[in-house]
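Database features, via Swiss-Prot:
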ACT_SITE  Asp176  active site, proton acceptor
BINDING   Thr109, Glu110, Leu111, Phe112, Lys159  ATP binding site
DOMAIN    29-286  domain 'Protein kinase'
MOD_RES   Ser509  phosphoserine
REGION    426-459  region 'Disordered'
Amino acid sequence: MASGSGFLGQISSMEEADFAEKDPSGRYIRYDDVLGRGAFKTVYKAFDEVDGIEVAWNLVSIEDVMQMPGQLERLYSEVHLLKALKHENIIKLFYSWVDEKNKTINMITELFTSGSLRVYRKKHRKVDPKAIKNWARQILKGLNYLHSQNPPVIHRDLKCDNIFVNGNTGEVKIGDLGLATVLQQPTARSVIGTPEFMAPELYEEEYNELVDIYSFGMCMLEMVTCEYPYNECRNQAQIYKKVTSNIKPQSLGKVDDPQVRQFIEKCLLPASSRPTALELSKDPFLARDGGKDSALLASSSTSSKYVRPPQLEHLPMDVDHNENKSVSSNEDYPWSQTIELQRIAENKEFRLRGERSDDVTASMVLRIADPSGKCRIVHFAFYLESDTATAIAEEMVEELHLTSQEVVVIADMIDDFIMQLLSDRTSSHHNQNSPRLTHEDHEAANQQTVNSKDEEAAGQSMKSDISADYYFPYSANDGNAAMEAGRDAESMSSYLDSCSMMSTIYNLSISDNDYPEDLKTELNLIESQFNQSFQDLLKLKEDAIENAKRKWITKKQKAVNIS
């Protein structure tokens, strides 16, 4: 007996040496195996010692989140929704906590080793129609559950990248609820999502849960054709123009089976005629005998190819809602730190922020704000081997109706960004005793004109990998200075709003008088836990601000002493 205990003790010691971290409850252990990375989040493989299952450990840096407006709100929205929503086709959140010492937010979620449905479909091109119908039924079950909440929950960013697969069982679950919203009014108003999957009414800022049905239709189109919707468009503005003009993606014409095409087109109908998730789940197409569909994927599985640029595979609950933006590991690209530039021109503020994604791509976000209260945010990719700053800027102006002076400003900012990016890369390589960039490399960067190998390659590179374009009013009473004022405070207050939003899900379901005692106790416990988490975060934020002020004062004093 004693020898057995000693043996188990040796195993325990070996296991403890293998893991990197343990959660406060002592139930979950994190390994150093990285499953995926986002702009401010890293997903690690972890293990649940109680149930004996592998899980995903989502680690978010608070300092990084604070630097990205709106992301804290999205993160807390996702945490609250996942805690409140329980369904077999919605990804599970097991546990979450704030680590004050390391200044991180941690979430333990289900692990899907097969990755997203998009990656899974790309890997397995020859898929029987039965499988696609099975995926569709599961997605619709998840959507019906979200939309049946009181008030309804709208995902707003449904796409194959945000649907995850268990390849061993064929199980499919909806994830990435960071952009989801609780519909407390008849229609929602904010414009947000991924352009290729956004319903026309989303741009009009008057929509309801049926926008998710439109996105589901685009998911079906991608599953059937193995092509990203609107891949014929070269930038987000062209997608916007087609969607708002009710022009369907060219890939829809590649769907040969009339019943499949009819089913997809039902999802893309105007909102007033669009069926609900429950109605679609009862559609005869999903009940058809799979044996009759042998030719459904014949053309797409053999000839179609994904035309999107290579991307990092986003694992479950990647809160970096770009969705399509690839963010590489700093270990692979040590020069990939974020660069931000600012210009004031024609009484407008231009902000360009981005980072290098890989050897040939940089991901950028351009924000243009004017005193009238209108703000435009455009996400795009710059392909270093073929794109030019002027060409990218002119494309934006052509579709977004900007002035010629704004073309110059945007092109100049992109030029400066690329120069700084290449300069940072040179420094990084030098520090690691790697070869420096040659003189010719710098000349190419200065000119920002690199001829593509052929016309087809140029066309391919110009298909910018764009995640979203937002148009929304902001408070601009004091001009440019007001644009940034109170942004952090708004993020924190929006967290409190999200708390109250989730409370209404329960409050509108049953009245206070109908609460059983055990439910009251559980709800009070949840309320106190999240209030404490908020206080912890607020304290961390205040500490970070004080540290920044102290560093600035110290730096200023040193400069005075030297002079």
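Using N, Cα and C of the backbone, Cβ positions are placed for all residues, glycine too.
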Three-state secondary structure, which DSSP defines for Phe112 (ATP binding site): coil
Least buried by Cβ count (within 10 Å) of the recorded positions Glu110, Asp176: Glu110
Among Thr109, Glu110, Leu111, Phe112, Lys159, the record's ATP binders - longest CA distance, Å: 19
Three-state secondary structure, Lys159 (ATP binding site) (per DSSP): coil
Among Thr109, Leu111, Phe112, Lys159, the one of these binding-site residues whose Cβ has the fewest neighbouring Cβ atoms within 10 Å: Leu111
Rounded Cα separation (Å) that holds between Phe112 (ATP binding site) and the residue listed as 'active site, proton acceptor': 13
Cα separation, Glu110 (ATP binding site) to the residue listed as 'active site, proton acceptor' (Å, whole number): 12
